[in-house]
Amino acid sequence: GESNKTTPVSSFILLGLSAHPKLEKTFFVLILLMYLVILLGNVVLILVSILDSHLHTPMYFFLGNLSFLDICYTTSSVPLILDSFLTPRKTISFSGCAVQMFLSFAMGATECVLLGMMAFDRYVAICNPLRYPVVMSKAAYVPMAAGSWVSGSITATVQISLAMTLPFCGDNVINHFTCEILAVLKLACADISINVISMAVANAMFLGVPVLFIFVSYIFILSTILRIPSAEGRKKAFSTCSAHLTVVLVFYGTILFMYGKPKSKDPLGADKQDLADKLISLFYGVVTPMLNPIIYSLRNKDVKAAVTNLVGQKHFKW
């Protein structure tokens, strides 16, 4: 009836995979295992970068931040996702939804900026090695990392306050595992054009600018590497950026893949499309944070050595 239209929504229902109960059990196990790998891998990376004095450099400081960020990012959504697999049509309070959206938005934006800062660090290390200690001093890299967190939190605060001041009435079913901001905005019973515009501006700032910055840094890095006379020297220089480059490609590759896919016009296809979209964003949320520590420990001699040392000492010498 009409009365339904005016009642403000106090909670949302997350559909998750409730239409596919068979998938739920499988994904519960899969996501739980991945989450444990994320926690373990990133905690080890953080411990190693703190405990091993060889790793007290700007690059590993940023890497420790990235690991901490991945732990926060997955913890803001994975427990909720796991819960949604066990509880079909899971209810989440309005404020719970806001907190979860804030955390995932803030972490995503922070990660974009942080990856840009790491590109700058590699640029200075390779293109201006003699000035590196001066340019990337502690007085520079600590504020750079802090700035990433602050800017990510500010943009999230703006987006989420704009979203949460909208009126929500009637429909409160989110066709997703978590409170994904776009899925929530669709439920507002008001004009959301301001929200869409501000999201577009935020995306340009936090996705576009870092991507451009990373791209330009790597053009300089590659042209410098190609000018190194010895093959051994070229290999050594490139190996210091290969891990960062791989993480960047995985991170932005998944984002582009998620948002760049053509939408299905066929109504029957739309349901499959819907499931595909959900699963892609689910994997995006757990695969990148899981791969980061793996990529860094595989592609990087220092980390490998430090992990081996750390694990090798039967009693940790703190």
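Backbone N, Cα and C atoms are what each Cβ position is placed from, and that goes for glycine too.
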Transmembrane segment per TrEMBL - which of 187-206, 207-226: 207-226
Remote residues contacting the transmembrane segment (60-82) - C-beta distance under 8 A, at least 6 residues beyond either end: 14, 16, 28, 31-32, 35, 38-39, 41-43, 45-46, 49-50, 90, 92, 100, 103-104, 107-108, 110-111, 114-115, 117-118, 121, 141-142, 144-145, 148-149, 177-178, 247, 282, 285-286, 288-289, 292-293, 296, 302
Stretch of maximal Cβ-Cβ contact with the transmembrane segment (207-226) [cut-off: under 8 Å; candidates 27-48, 94-120, 279-298]: 94-120
Dominant neighbour of the transmembrane segment (94-120) in 27-48, 140-169, 238-259, by Cβ pairs under 8 Å: 140-169
